[in-house]
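A.B. asks: Features from TrEMBL:
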type: ACT_SITE; residues: Asp18; note: active site
type: ACT_SITE; residues: Asp319; note: active site
type: BINDING; residues: Asp18; note: UDP-alpha-D-glucose binding site
type: BINDING; residues: Lys154, Asp178; note: Mn(2+) binding site
type: TRANSMEM; residues: 385-409; note: transmembrane segment
type: TRANSMEM; residues: 429-450; note: transmembrane segment
type: TRANSMEM; residues: 471-494; note: transmembrane segment
type: TRANSMEM; residues: 514-539; note: transmembrane segment
type: TRANSMEM; residues: 551-569; note: transmembrane segment
type: TRANSMEM; residues: 581-603; note: transmembrane segment
Amino acid sequence: MTVFDYPMEKMSVYVSDDGGSELTLFAFMEATRFARHWLPFCRENKIQERCPEAYFGSLDGEQSKGMKDLYEEMKGKIERAVMQGRVTDDLLDGEEARIALEKYWTAEFTRRDHPAVIKVLLETSVDVDITGHPLPNLVYISREKKRGVDHHFKAGALNVLMRVSAAMTNAPVLLTLDCDMICNDPQALQRALCHLLDPHEEASPKIAFVQFPQRFRGVDKHDYANEFSNIFRINPMGLDGLGCTNHVGTGCFFRRRALHGPPSSVPMHTNSNCSERCGKMINSEAILRMARDVASCDYEHGTKWGLEIGFRYGSLVEDLYTGYQLNCEGWKSVFCDPDEPAFLGDVLSRLNDALSQNEWWMIGLLEVAFSKHNPLVYFIKTNPVAGFAFAHYAFYPIWGIPIMAYAFLPQLALFNQIKLFPKVLDPWFFLYTYIFIMAYLHDMVEFVSFKEGTLMKWWNHQRMWMIKGVTCFPIALLVFSLQKIGVSAAAFNVTNKSLDDPQSMRYEKGVFDFGVWSPFFLLLATTAVVNLVVLVVSVVRCVMEGGFGEVLVQVFLCGGVVVNCLPVYEAMMFRKDGGRLPGGVTATALVLALGLLVVSHFCF
Ligand SMILES: O=c1ccn([C@@H]2O[C@H](COP(=O)(O)OP(=O)(O)O[C@H]3O[C@H](CO)[C@@H](O)[C@H](O)[C@H]3O)[C@@H](O)[C@H]2O)c(=O)[nH]1
Ligand SMILES: [Mn+2]
């Protein structure tokens, strides 16, 4: 965040470490030392790409060797600590760092059970870079964790950040960023402030947040695994037109006031704790005590935090949930999508990871859909069109039902020679075909005409949609239903961020990775096998016995699924690399497919 072209002494960076790892604190201690050299270097050389990893990665030759050496030295130390799993004395430079780490990471300290750790790493009134310019405040926070106390995942962490930052600096504008994101545009802050402070815009004081899209580094040319441009960039443009773009969890500038209640009920300035804070250093014992207090597990007990204040609890997609509740309260929101990405995240390169991430999202969406803040009943009162738009998100996983139905039922019927659709030249046939083609065409035109959209990317997107439709959507529906009847509990997997391994190399080449045992792949492989078998059987039957016109729609559906599943057949039969579908999955899928065909014979 230190990339912003903005006076550093007016910015504070709060880092939340929900994993409570000494390695993270150590990495930040190292980063502060590097920042003292790096920030003036960027300023002097007018560097736009200020994430050092990205900058040095795209650099050729021997330019800025000294700076690169410093960076490599820091990186090397952090990597050594990560490899060892702990920070050894030889890695620590000063006594102060060692004392800080020893003070907190005692023998009783575990990830799930530890006191709040708050460490001021930089204080702007004291710390300067090597040219004497002030550095921003930098504070490391690992909130208190106790076994058995609900910590509300990311929303809980963000609420702690909100309170600690209020105790320390209380800036009126907050930027939230995920751990896997980098800032890519030094002007992003100004862009957001233009909206939040616009004197000519009547709605400006009512704008709760300015959302930048989630965009990704390292997306392969045809984006076969999806950067979700339809969800993250196309749909929000429409919502922006309605004044209520959705919040996507990261790359978002909030008006702090908006998170404290409806526009009419909150005073223009929420500097309520200024009298306690003013004039004190953030590293003073009084401020630190207050910060630890608000970062404790019990602080929220009996308060409105998570219900009416701060980020809202109750859904794994706290972002959508919080954003839309703010809109319901009367706040507006803005979508800001400059051509040059303001923030960039890491793309998930493993198909299985992407599917399991989607499973969690889908469960979170269902939690919104079936909550008392259901967009249909709750939002329709204020803005019907936006209500439907949010319902489109919240009920998205329901797609699993029709997609599963269309992936299996017409095919099994066809296998048993049952005709489901009107035959060719029947007037209904034209209506069906018209609706089908128009729906697909609409999706395609919308996608391809958008900024970097291409036909190939669209094809991959629709394929991914189909893959999700037979894997994570139905599984999410099942898990959610089980949760509702009390069978299993919600959990949150932090998604895998590592990028340098064989799987990622396959990703870069645009090849799917099927190399793990996963229920997703089992469902996908079963779909693939059933459709292929039925396609072959029915084509042979049509050639021998005729009557193609009567089953054209069913054969077409079957063929469509088969074409979409080509990479699956390849992964089952022809691939030799680690991304090949495990034999066990293939065998189980064959048995399941056979079972389905046999059972269907008795049912139809
Ligand atoms: O218990 C938790 C879980 C997550 N996080 C943080 O939350 C962020 C998002 O987690 P990540 O693993 O990156 O999840 P994704 O599935 O990639 O997140 C997407 O989906 C989330 C839920 O909709 C949004 O909050 C995110 O912004 C969006 O990028 C990360 O910075 C995590 O460190 C916590 O602090 N505590
Ligand atoms: Mn993420």
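Numbers run from 1 along the shown chain.
Each Cβ is built from the backbone N, Cα and C atoms, and glycine gets one as well.
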A.B. asks: If you count other Cβ atoms within 10 Å of each one's Cβ, which of the recorded positions Asp18, Asp178, Asp319 has the most?
C.D. replies: Asp319
A.B. asks: Whole-number Å only: compute the distance from the Cα of Asp178 (Mn(2+) binding site) to the Cα of Asp319 (active site).
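C.D. replies: Asp178 (Mn(2+) binding site) and Asp319 (active site) have their Cα atoms 12 Å apart.
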A.B. asks: Within the set Asp18, Lys154, Asp178, Asp319, which recorded positions show a CB-to-ligand 2 distance under 6 A?
C.D. replies: Asp178
A.B. asks: Under a three-state reading of DSSP, tell me whether Asp178 (Mn(2+) binding site) is helix, strand or coil.
C.D. replies: coil
A.B. asks: Between Asp18 (active site) and Asp319 (active site), what is the CA-CA distance rounded to a whole number of Å?
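C.D. replies: Rounded to a whole number, the Cα-Cα distance is 17 Å.
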A.B. asks: Relative to the Cβ position of Lys154 (Mn(2+) binding site), how many further Cβ atoms are located within 10 Å?
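C.D. replies: That number is 21.
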A.B. asks: Roughly how many angstrom lie between the C-alpha atoms of Lys154 (Mn(2+) binding site) and Asp319 (active site)?
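C.D. replies: Distance (Cα to Cα, whole Å): 9 Å.
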A.B. asks: Helix, strand or coil: which one is Asp18 (active site) in, per DSSP?
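C.D. replies: The residue in question, Asp18 (active site), is coil (DSSP, three-state).
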A.B. asks: Three-state secondary structure of Lys154 (Mn(2+) binding site) from DSSP?
C.D. replies: helix
A.B. asks: Quickly jot the same-chain residues contacting the transmembrane segment (385-409) by Cβ under 8 Å, restricted to those at least six beyond its ends, or write none.
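C.D. replies: The answer is 235, 238-239, 242, 244, 246, 320, 324, 327, 362-363, 365-366, 368-369, 374-376, 378-379, 420, 465-466, 469-470, 473-474, 476-477, 480, 527, 530-531, 557, 561, 596.
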A.B. asks: Please report, as numbers and ranges, the same-chain residues at least 6 past the borders of the transmembrane segment (514-539) whose CB is under 8 Å from any CB of it.
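C.D. replies: For the transmembrane segment (514-539), the sequence-distant neighbours (Cβ-Cβ under 8 Å, at least 6 residues beyond its ends) are 351-352, 355-356, 407-408, 411-412, 414-415, 467, 470-472, 474-475, 503, 551, 554-555, 558-559, 561-562, 565, 568-569, 571-572, 577-582, 584-586, 588-590, 592-593, 596-597.
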A.B. asks: Indicate whether Asp319 (active site) is helix, strand or coil by DSSP.
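C.D. replies: Assignment for Asp319 (active site) reads helix.
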